[in-house]
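Everything below concerns the one structure shown next.
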2 protein chains.
Amino acid sequence: MSKSSIYLPAGFRFAGVTCGIKASGKPDVSLIVSDRPLVAAGVYTTNQIVAAPVVLCRSRTPSSTVRAVVTNSGNANACTGSQGDADAKAMCAHVASLVGCDETDVLVMSTGVIGKLLPMEKVKSGIEHAVAELADREEAFFAAAEAIRTTDKDRKTESRELELGGESIRIAAMAKGAGMIAPNMATMLSVICTDASIEPKEANAMLRRVARVSYNRVSVDGHTSTNDTLLLLASGTGTPLQGDSLCLFEQELTELAIQLAKQLVEDGEGATHVMQIRVTGATNDASAETIAKTVAASPLVKTAITGGDPNWGRMVSAAGYAGEPIEPAKVSLRVCEELIYENGTPLKFDAASLSATMKEHPQVNLDLCVGGGNGEAVYWSSDLTTDYVRFNSEYTT
Amino acid sequence: MSKSSIYLPAGFRFAGVTCGIKASGKPDVSLIVSDRPLVAAGVYTTNQIVAAPVVLCRSRTPSSTVRAVVTNSGNANACTGSQGDADAKAMCAHVASLVGCDETDVLVMSTGVIGKLLPMEKVKSGIEHAVAELADREEAFFAAAEAIRTTDKDRKTESRELELGGESIRIAAMAKGAGMIAPNMATMLSVICTDASIEPKEANAMLRRVARVSYNRVSVDGHTSTNDTLLLLASGTGTPLQGDSLCLFEQELTELAIQLAKQLVEDGEGATHVMQIRVTGATNDASAETIAKTVAASPLVKTAITGGDPNWGRMVSAAGYAGEPIEPAKVSLRVCEELIYENGTPLKFDAASLSATMKEHPQVNLDLCVGGGNGEAVYWSSDLTTDYVRFNSEYTT
């Protein structure tokens, strides 16, 4: 999916370069610049331990005057005190001086090691290099997507083109995140660029709704990072989208965000399967979400998926401790579309055959009905493997 | 600890026998009988998917007329519908008929595979065998503690003798639980026997307070079982404990319960270390407990402990997503008594030396101050190893 060609929205230029933050010598500075003011909305980590770039971005969005987003990988600029705040600001100021805009119109993201100061000389020369490389070509977009990676196996991108009211609108988006490499807590960064015209207030509200059913519905290890950032940048200058067009745009954006969010889980550290948990029959959607999240986080459910074990006792009992109301006598479960538990009663099924199905499919679907209500939610999670444990228990501090 | 001699309280007889529920041929029926009425209090799983024996016990405690507790291992009698309810009742009725008491004065516990009906003929003959073996000797107590095991490496017991108001009081307790073997969800059973005289209302309230700071403060994998049961049985016939004596008894009971709860974590599936998380400075004790529990459940913190990695970024950021108020600028962390993060600022420390200390010690202490409040809590958890994943991802359904 990440290899398909990209519908580049008008008004954006991209670059990804290497400045030397990473010992590996891989790209580590990513830049997105627009020559006209962008509408920008952001959704950020809910962790109370917040990285410096997140603090800065929060204060600068929503906006209708953003001109650039600079990102470094390899260092999260988190838990770095006042020097970290100063460094985040300096990154923005340096970009502003080179592209000719106000420094408050530049956003910044960082991802990588926690608790280490940024090597600012390297970062500054990386920014200069990136500005020189800016281009509105696909290769430049991919380079920018490469340069935000940390432990990701591959770059993660999604793109769409749609017709709204006779106008063609393009969306191109990138993300990073695969879990964590010690002591790297910065799991998730994502930028969605579009040439749609959207009002800042609409963009802001829409991005929250989109995040709720996409990025906020995936988990590798349940550990919310200090740096999570999702940005929507819109370069359109025409009449802002409204009515049906706005709804259609949001629908498209939601589908794109879900695809990108699922890429995070597919690339979860050590993951061999994605599980999709669909909860229905809950008292309301929020309750269904909590139940789905609880099932997704259970190490016993995750290891059952790893082993191709249709272990319904683990799945059903995880729903039972989610702290949300369920009706045990109405609980039913399908694993890979096969009904194996119905209205609180186990059904006979061919365990060996279902196990083989689970092992074959990279995505295992769990459909769990928890009662007679109307609440429902879908959640995606990676499984838990010995590789995850090995990777994260290696001594790295 | 579990091998030390036991102070057997007056009024109890014990037995543990093999009836053939387990394919391994290991003991699987455990019986505790008193010839006089017992005060009995119980604390049970909060999972909404509840095993039949738990439903029955809940309806029969607190009580001042309990005469026996029968337990089988190897089968949880959970998710077994109305036949499961009938089987749990039949176990009690069979014990009652043999020891000569009302069937409502018998309690029952089950642990093992979920979703399978009990082999009742075997269970009944096991009960008959157990009744014949009842004795008030240490070996009988140990046999009873053996017969409630599932994946436990060893039996788990604790015992105390204390003087209260010139009277000698004895407490002997057993527990089982090591995590879960698929599809076995019944993690935790525990019975505390004492010859103290306690009023049922006091026993009930006390057991809730004791469970809150002991059994409810440990986690192997965060998956609350369908069968968890903690019973307090008191055989004393004198004046019920009150005032200072009651306080001292509760203090002793709390210490004993914490020791037994820690045994569960030490024996956590695949565990190589116990981590003790002490949270201070929270807004209140409940908030501290939530933060400690969140840190304890983080796979990234658990794998850091496995690898002997003083990875403070993971520990501090886990506190940040617990959903409880913290003051980031006042956050401090000690790992194995060494201060490595103070008032939101990383300190220099010898990572190799601290890592060696962590690896050497079977218990790793994390002392985390999260602000200026008075709330505090201690929580114990096992680490996360490749053995845990291997054990639980083996195909077993």
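Keep in mind that glycine also has a Cβ here, set from the backbone N, Cα and C atoms.
Annotated active site, nucleophile per TrEMBL: A:T187, in sequence order. Per TrEMBL, substrate binding site is recorded for A:T150, A:K176, A:T187, A:E269, A:N392, A:T397.
Here the features listed in TrEMBL are painted onto the structure.
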| residue | record | DSSP (3 states) |
| --- | --- | --- |
| A:T150 | substrate binding site | coil |
| A:K176 | substrate binding site | strand |
| A:E269 | substrate binding site | coil |
| A:N392 | substrate binding site | helix |
Against chain B, in sequence order - binding-site residues A:T150, A:K176, A:E269, A:N392 with Cβ under 8 Å: A:N392
